[in-house]
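Worksheet for the structure shown next.
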There are 2 protein chains.
Amino acid sequence: MDDFAYMRQAMELAEQAAALGEIPVGALVVQDATGEVLGRGYNRREVDHDPTAHAEVLAIRQAALAIGSWRLSGCTLYVTLEPCPMCCGTIINARVRRVVFGAYDSKAGSADSVINLFALPYNHKPAVTGGLLEDACKEQLQRFFSGLREK
Amino acid sequence: MDDFAYMRQAMELAEQAAALGEIPVGALVVQDATGEVLGRGYNRREVDHDPTAHAEVLAIRQAALAIGSWRLSGCTLYVTLEPCPMCCGTIINARVRRVVFGAYDSKAGSADSVINLFALPYNHKPAVTGGLLEDACKEQLQRFFSGLREK
């Protein structure tokens, strides 16, 4: 499986968020050595009444439970939207080796847009690929927001 | 109750983390209007295999569940150690009104030390008081680490 195939899976997870009326963001954590998906998440902030229930956090927590360790140093995170400061911090804390994101987020994105938190002197710096399937991920978000406006 | 009394409660929570062999950090979320403690947390990263199980995140999630909303705009967070980037991001996402922390953290602290994330143009800026009971909070952490060295 390549980056594009995993990102398409993350986009499918984002559709599950949209179906709940949540902003459609999806994420998955893949074990680099095996290609196995260890964690999946989609935005559930409203339904769970949980400010931390972003796709990335849920996927990372599930993956850490799956391997029985908070250290995901052999893993890649795929997410349809540039991570916010909370999610960038979670990526740092979990020592995620590599991050691949789709659309950029000019308001909260913290892997490039508002700031690049991964360039600061914390104790871990993941590799980052931004803008993978950018247009498709952006359209998925825009479709959701134009649907809201029509209601 | 005043800030000092709440911080002492956070320090008691930190002792519960130490008893589990976890770095002793404790946090609580207080409703400003009533003084009620809505959420309590202490570091459980190792025991829970959860990279997000910092004191602040656990206290914030518990408080949000208690009021049935991710928005903690009428609340103050007390924490014994300066929040890391993940926890600062969680504070922003949960719209916590005010943050009071004890010891500074030169390695990961992101409310002042490495960077002040609350000064960046995100959609929420909490009020911050740093260094409350700083020496006591610092000693609590140092006591834990010197205990480890003696083992």
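Cβ coordinates come from backbone N, Cα and C, glycine included.
Annotated active site, proton donor per TrEMBL: B:E56, in sequence order. Around the Cβ of B:E56 (active site, proton donor), 31 further Cβ atoms fall within 10 Å across all displayed protein chains. In three-state terms derived from DSSP, B:E56 (active site, proton donor) belongs to a helical segment.
According to TrEMBL, the Zn(2+) binding site annotation covers B:H54, B:C84, B:C87.
Confidence across the domain 'CMP/dCMP-type deaminase' (B:1-112), taken as the mean pLDDT and rounded to a whole number, stands at 97. Annotated domain 'CMP/dCMP-type deaminase' per TrEMBL: B:1-112, in sequence order.
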Return only the integer: C-alpha distance in Å from B:E56 (active site, proton donor) to B:C84 (Zn(2+) binding site).
10
What same-chain residues, at least 6 away in sequence, bring their CB to under 8 Å of the CB of B:H54 (Zn(2+) binding site)?
B:V25, B:A27, B:G41, B:N43, B:R45, B:P83, B:C84, B:M86, B:C87
Going by Cβ pairs closer than 8 Å, show me which of the recorded positions B:E56, B:C84, B:C87 neighbour chain A.
B:C84, B:C87
For the binding-site residues B:C84, B:C87, work out the Cβ neighbour count at 10 Å and name the residue with the minimum.
B:C84
